[in-house]
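**Student:** Got a structure here, written out as structure tokens. Questions coming.
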Amino acid sequence: YIVMISLALVVMIGVESVRDGYIVYPNNCVYHCIPACDGLCKKNGGTSGSCSFLIGSGIACWCKDLPDNVPIKDPSQKCTR
């Protein structure tokens, strides 16, 4: 019974997941690494941010624990400027 109640609570309350990735603009272009990368990630709900090399994009801002509503780099989509 406890498992069923716990499952029901999770479904009712909802659980927002988090993920790591290169934060992007709506057009799937990365934010290039700037001194404020950590602040950018935190402002968008992440726990931290750092500079990392991304092939094809250069030095980009990598965020940890971003919420699902913040876009991250989709490798199957191109950056459209």
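Note: Cβ is positioned from N, Cα and C throughout, glycine not excepted.
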**Student:** Quick one: Swiss-Prot says Cys41 makes a disulfide with which of Cys61, Cys63?
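**Tutor:** Record-based pairing for Cys41: Cys63.
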**Student:** Quick one: which of Cys61, Cys79 does Swiss-Prot link to Cys37 by a disulfide?
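**Tutor:** Swiss-Prot says the disulfide from Cys37 goes to Cys61.
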**Student:** Can you sort out which of Cys51, Cys79 is the disulfide partner Swiss-Prot gives for Cys33?
**Tutor:** Cys51
**Student:** Fill in the CA-CA distance, Cys29 (disulfide bond) to Cys61 (disulfide bond), as an integer in Å.
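**Tutor:** Given the Cα positions, Cys29 (disulfide bond) is 11 Å from Cys61 (disulfide bond).
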**Student:** Give me the CA-CA distance between Cys63 (disulfide bond) and Cys79 (disulfide bond), in Å, as a whole number.
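**Tutor:** Rounded to a whole number, the Cα-Cα distance is 18 Å.
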**Student:** Counting Cβ neighbours within 10 Å across all chains shown, tell me which of the disulfide-bonded residues Cys51, Cys61 comes out on top.
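**Tutor:** It comes out as Cys61.
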